[in-house]
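For reference, the structure is listed below as structure tokens.
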Amino acid sequence: MTWTSLNAWVAAPEIFLFCATCAILLLDLFVSDAKRGFTHWLSLAVLVVTGALLVRGYHAAPQYAFSHMFVADPLATLAKVGMVVGVALVLIYGRSYAADRGIFKGELYSLALFSLLGMMVMASAINLLTLYVGLELLSLSLYALVALRRDSVESTEAAMKYFVLGALASGMLLYGMSMLYGATASLNVLEISQRLMVEQSGNPLLATFGLVFVVTGIAFKLGAVPFHMWVPDVYQGAPTPITQLIGSAPKLAAFAFTIRLLAQAMEGFTPEWRSMLVVLAVLSLAIGNLTAIAQTNIKRMFAYSTISHMGFLLLGILVGNVVGYSAAFFYAVTYMLTAAAGFGVVMLLARQGFEADRLDDYKGLARTHPWFAGMLLLVMFSMAGVPVFVGFFAKLAVLKAVVDLGMVWLAVFAVAMSLIGAFYYLRVVKLMYFDEPEGAAAPLSGCMFTRVVLSLNCLALLGIGLFPNDLLLLLTNAVEFSLPI
Amino acid sequence: MTGQLLSYAIWVPIVAGLIVLATGGDKHAGIQRWLALIGALLGFLVTLPLYAGFDVESAGMQFEELRPWIETFNINYHLGVDGLSVWFVILNAFTTLMVVLAGWQVIERRVGQYMAAFLIMSGLINGAFAALDAILFYVFFEAMLIPMYLVIGIWGGPRRVYASIKFFLYTFLGSLLTLVAFVYLYYQAGHSFDIQAFHRLPLGMTAQALVLVAFFFAFAVKVPMWPVHTWLPDAHVEAPTGGSMVLAAITLKLGAYGFLRFALPIAPDASREYAWVFVLLSLIAVVYIGFVALVQTDMKKLVAYSSISHMGFVTLGFFMFARGTDLNSFAVEGAIVQMISHGFVSAAMFFSIGVMYDRVHSRKIADYGGVANKMPIFASFFMLFAMANAGLPGTSGFVGEFFVVLGAVQVNFWYAVLAATTLIFGAAYTLWMYKRVIFGDVANQHVAELSDVNKREFLVLAILAVAVLGMGLYPKPFTDLMHFSVNDLIWHVSQTKLPQ
């Protein structure tokens, strides 16, 4: 077996990222705390190069590597570009936050980059083993990142919860995968699909059992109800940059992962998993939105709001056709941008000894910092799904797919839940704009570069909302090219 | 130039609003006021050619613009006006101009943001009236909530937070269901969001009924019809003067317009079948809300309830099309005239109350009395608007009500009798309020210190007075523009859309 027959160039971005991360890990040993900025910029440079490699390697036709263990199709490539952007935003927004709290260290960067590598492998995996390896690389990096503030009780507790529940879910998933293997005698996603659907040679009962466990694992990773218990605690306990990391890019990985497992491997079982996802989606929308109302901590509020957004994402996926998958893909990409912007503002307001995570910390923000209050306003209205922000078009795309399937009641339910969601997003706007500030204006953290990037990120929510066509078309095409019908 | 008039009507105020916003904080309040005035004036001027160039002989869409927007979903930037909508674009631009003048000195903090909110809102409302694509309409219709929410919440009265959130959630609920209806129609119409395609689309009775229910939620909340009207008194009372003016004069009309543009033509059979429900709700609004208005102690609340009652007249007129012996265009035309008239009169009423509020800082009727002694010029203007609100012949308020009653008589005598009670109740609550506030001896120290209107206030009052009187004495220009479109609509609605 030679280099060429492995077709390893298909995985060039991952290989580069891996080597560069190892290099950063080593180089950082020689960097003093005062010069940590070097690691920061080097990591960003690595992300830029990875992104460039991804864009350069974009092909409409799926390309396989490592004997069908790994695939680079448009869906994976675009998802990976999204992840690179997401992680880059985490590093940019989180820098001063991390510096203020003594976690501005090499570990933060190497672990974040390793988690990105895990996500990228997840998106490109076409074999259950590769999928699992990617997932574990992501999860283990995240567990460690959550616990990065070793002296913080909340962080440690969050990390412990995340680890225990995450390990359990991974176990479930692995168990489900083993059943799929038992049913079809294959670990390759495409072969599983082939055996179950075309040849009808697999054992359908065993495969259905496996499906239940696989869906459980997926629901846990997405944070869908009733497997959502870890989400609020981890969101609140983790340092904010890590919360942003958990809340943004991995959602794209989880989306790609779901597509591989459900839309590709279990394509023949669409009615079965659809009914499971309906339950998950309905519960996530209801419980996510209702519980978010009661929150007084903005990170916890975002956690429940994420749960409800994952409900919408699942609505798109459960449609089970290209229209639905592209709607869900669009939802995942735009949600990633929106969540990143939201956490970015939280971190901008945080400073040494002050987390800016209570909702009351946002009182009168429009007075003290009008520009960033305006930016958070965009984020809130986008999350609430008010036009003309991008969140509206994401919801429209999903609703359109759901109505096309004939499940109008589900669409009505989803919009009713968005109405409840609008309430708590509006409350943040109310605090910022209608209330008087408590005390004097606090200075913003973060350098000019951070602020500019954050502003561009927020304005992108409006910009993509005004002109959503190109992104929609790109993602729809990607899904069409990647899922042969 | 003429090809893009509607785009100008939408984007000139929005761009002006953004420019005002960009000038920064209250240090530049003076410049911001002037910039806002220029923006509003330009916004008004670009709508005038719509009137001048309008072909009154045509029932079709005019000044159409069609550009692809989101090809993936087949959503187009499709604009156009017909006789039903053209007046509202002009009325809206006019009201914005009045609002900018009304808030000139009264608003002291965050002036730029206030002006910008109204300018942006004006553009968005124009967009909603001119949109011929369902999603484009929806985008404008919803986006408009954001500036209004902020206006009520930032510059409003003591209970502004409650009122603003109630306003937003009520309207948001209604419109979300409409969105589902639009998506449903999109598939029925063969992957198109074109409103005119929706009009032509044959639909079964069940589908029509469900679509009608969805539209009812969106537009009845906006109108507002009884029993989903409860957000309006709160919003009106807490909103600053400008906010109340725009709410009453324009956004309520958007709800009524929604019935004309969507509910009736898309679901005509269901509309005929269930017209009695709408008629019933409208009559309750006219009579019951009239009583409610009578007992109000707060002037703004009184005018808010009177708005609901007047809008009940409008929806009554719309749903009179159904039972006539022949095509009943009187009632619908009267209802549209009533909408325009109410736009002038309610704006004038709220502005008048605002004039008093700015001096005394109270909206309670009991805090006033004998204002005429100190503000004679103001009292005369207020008298005119009160008369118009009561529907006195010679004012704009009379024309629409008369037409609607005339139309109602042809359908059912008792409808007409109940509807006509508004002329009595309207006179009762308006004039009684007027009497208690304006006439009599000077009631207290605050009233004794009142000074009459200044030049700016005089200007606003005079312009509104001209509009109210002009429309009352010579309504022909208004009805001419809408005549063909109304007849076309009524003809369209009389045809069945049930699949044969």
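For all residues, glycine too, the Cβ spot is worked out from N, Cα and C.
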Labelled transmembrane segment by TrEMBL, one stretch among A:38-55, A:128-145, A:254-271. Can you tell me which? A:38-55
Are there at least 3 C-beta pairs under 8 angstroms linking the transmembrane segment (A:371-394) and the transmembrane segment (A:447-467), leaving out pairs fewer than 6 apart in sequence? yes
With pairs 6 or more apart in sequence, are the transmembrane segment (A:301-323) and the transmembrane segment (A:406-426) linked by at least 3 Cβ pairs under 8 Å? yes
Under a criterion of three or more Cβ pairs within a distance under 8 Å and sequence separation of at least 6, are the transmembrane segment (A:75-94) and the transmembrane segment (A:160-184) in contact? no
